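One structure is given below, encoded as structure tokens.
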Amino acid sequence: NSKVTQREHSSEHVTESVADLLAHQEPVDYKRSVLNVTGETWDKQKEGDEDLDAENRPAWNSKLQYILAQIGYSVGLGNVWRFPYLCQKNGGGAYLVPYLVLLIIIGLPLFFLELAVGQRIRRGSIGVWNYICPRLGGIGYASCLVCFFVGLYYNVIIGWSIFYFFKSFQYPLPWSECPIVKNGSVAVVETECERSSATTYFWYRETLDISNSISESGGLNWKMTLCLLVAWSLVGLAMIKGIQSSGKVMYFSSLFPYLVLVCFLVRGLLLRGAVDGIMHMFTPKLDKMLDPQVWREAATQVFFALGLGFGGVIAFSSYNKQDNNCHFDATLVSFINFFTSVLATLVVFAVLGFKANIMNEKCVVENAEKILGYLNTNVLSHDLIPPHVNFSHLTAKDYNEMYRVIMTVKEGHFKELGLDACLLEDELNKSVQGTGLAFIAFTEAMTHFPASPFWSVMFFLMLINLGLGSMIGTMSGITTPIIDTFKVRKEVFTVGCCIFAFLVGLIFVQRSGNYFVTMFDDYSATLPLTVVVILENIAVAWIYGTKKFMQELTEMLGFRPYQFYYYAWKYVSPICMAVLMTASIIQLGVSPPGYSAWIREEAAEKFLFYPTWAMAILISLIILASLPLPLVFILRQFHLVSDGSNALSVTYKKGRMMKDISNLEDNDETRFILSKVPSETPSPMPTHRSYLGPGSNSPMEMSSAPNGRYGSGYLLASTPESEL
């Protein structure tokens, strides 16, 4: 049944592949044979290492550990302090509609795609994209660079949370009151604090000791430097053994935030005014759904919430067994991420509703005192005060009635009175996000909680765990592909990476460091990652082929994925991502490149433009993160570096046969060796059946060979380089 026999009995040409020629041959150890084409010396230790890498890739201890790792990576600080802000800003409950729609048509398909290629090829981002399309191998390197940039400033936020965590073990909380300073023999309240608020002062002055602009470095803040060192030490310890150590950390870092959020929700719902906040949050403003800006921001949030393009998703998935149901994983993690965002939004606005009521009552009391002063000095007549109003028990409703009467009667001179409306709606409409929400608004609300230190400790421990889970995924996006590609020692590289990142990260713990955090957050990732994900989609759907990819998934999963994914990968996702990239570029061009600076003398924030040197850094970040994409393409397109596209490498080893075929072009000579027509060429994805002639058994079906995983007489390694 061999093709040799066919050739002898047939006048027609029979194409013989390398697999055909070798199918009935004994395995040869070429390095120890007389003929050594490459001239390499045989290294028993190296061979053992390669065997170990091929067969014993680390794996998750359990499916639960893997799911928790993906949840811990995708559910991060953005779910707590970005999603609620966007929800409030973009129409309340109405914002959930575009978010959910875009999650289904962009987020889920692309998340599934990354999980699938990682699990199938079992490599980090560099290895995966080098394998699928060598000319687009720069995708993996760009992902690593973006992970590095994001990890630099993300760990600074964990450092801030660590500082607040340790400061929470005291009563009263240190940000509950303004500090008293002595001016000679007189004790006065700190001016900067008095003109802002106690929590704002503690954040900007006690924590950051912030300078007035990005140009004023001010030297290192030693407290924040120490906290950053602790943060990188935690990340290093969690990552030192790869998934063996980080997987165990995920049991706590992924589950603990949910415990805290549920506790905060229960406690928040019992607070006065919590319902006001939640009602304000979810009251839909349907007209907002027609605003393109709302859809752009929803798409961006979906994109970053799932961690697409960073390489962390691929890295985690690469440690799975090949028959794992990654479609179920993608759906589960995507919707857990969504419901976590909704849960966090409920918590945030329950607490902010309570805070708004406290601030509104404070406003009523202060303005009532002003009115009493005007009544005593006869600026206002007692006839203007409704008879049922009692100043000793003044409600917000009574004050609003009194306010409207005074405004109507004193219309010409009303502004001179300096009275505020004290509307609850105005307090609830004050949009806060990011550090402003976590370190100012939320901390201020917690000072009014009974047992406030306990809730503060829980809140900042939650932030540390949310950040740590995301940092482990981000660092895996760097360590996994580098270790897979360059075979460096895991422990040495992880420790070296953390030390280097800490040293570079010192730029963020100088007194102007917060401004650099803002710069990196705004510009280092958005555009490069959007380009990366578009190219990932194109590489799989258009270069490799959606039909072929769907067939590979069918073999891997044991069932054919829904046809929805075919159209999503081929048409919907690329178009939507291209529109998002265009909108992001327009937004970058329209929005002035600047930052909010804290001016000490004014005790207020002020928008400033970046100086020329800062603009140069900003542009360099975007260019540097995107540079590997064209660079690798040019190097491989013009054959300045080898990509394996015009050469067939067959390696014989004792007890195994390995080969590496990647990105064969239509006119490659090797294609005619492998098959008659391009469609018959082996897929670059793993595990294919080689043709052994009519009536013969497939290698998958043979089970008599003692050394074969599939009984083919050769031991086929489970890594992509070794599959036939």
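Placed from the backbone N, Cα and C atoms, the Cβ positions cover glycine too.
Unlike curated records, TrEMBL annotations are generated automatically.
Feature annotations, reproduced from TrEMBL:
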TRANSMEM  66-84  transmembrane segment
BINDING   GLY72, VAL75, ASN79, ASN337, LEU466, SER470  Na(+) binding site
TRANSMEM  96-117  transmembrane segment
TRANSMEM  138-166  transmembrane segment
TRANSMEM  222-243  transmembrane segment
TRANSMEM  255-275  transmembrane segment
TRANSMEM  298-319  transmembrane segment
TRANSMEM  331-352  transmembrane segment
TRANSMEM  454-480  transmembrane segment
TRANSMEM  492-511  transmembrane segment
TRANSMEM  523-544  transmembrane segment
TRANSMEM  564-590  transmembrane segment
TRANSMEM  610-635  transmembrane segment
REGION    677-724  region 'Disordered'
COMPBIAS  695-706  compositional bias 'Polar residues'
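The transmembrane segment (298-319) makes contact with the transmembrane segment (523-544), as judged by at least three Cβ pairs under 8 Å among residues 6 or more apart in sequence.
By the Cβ criterion (under 8 Å, sequence separation of 6 or more), the transmembrane segment (492-511) is not in contact with the transmembrane segment (523-544), since fewer than 3 such pairs are found. Each of 66-84, 138-166, 523-544, 564-590 was scored by its Cβ pairs under 8 Å to the transmembrane segment (454-480), and the highest score goes to 138-166. Within 8 Å of the centroid defined by the CB atoms of GLY72, VAL75, ASN79, ASN337, LEU466, SER470, the record's Na(+) site, lie the Cβ atoms of ILE71, TYR73, SER74, GLY76, LEU77, GLY78, SER254, PRO257, THR340, GLY469, excluding the listed residues themselves.
Under a cutoff of 8 A between CB atoms, and with a sequence separation of 6+ in the same chain, the neighbours of SER470 (Na(+) binding site) are GLY72, TYR73, VAL75, GLY76, LEU77, TYR154, GLY307.
Using a Cβ-Cβ cut-off under 8 Å and counting only residues 6 or more beyond its ends in the same chain, the transmembrane segment (331-352) has close neighbours at 67, 70-71, 74-75, 79-81, 83-84, 87-88, 96, 99-100, 103, 107-108, 111-112, 258, 261-262, 264-265, 268-269, 271, 274, 277-278, 280-281, 305-306, 428, 432, 437, 441-442, 445-446. The most densely surrounded of the binding-site residues VAL75, LEU466 is LEU466 (count of other Cβ atoms within 10 A of its Cβ). Around ASN79 (Na(+) binding site), a 10 Å sphere centred on its CB holds 24 further CB atoms from the protein chains shown.
Taking the Cβ of GLY72 (Na(+) binding site) as centre and 10 Å as the limit, one finds 28 other Cβ atoms among all the protein chains shown. Around the Cβ of ASN337 (Na(+) binding site), 24 further Cβ atoms fall within 10 Å across all displayed protein chains.
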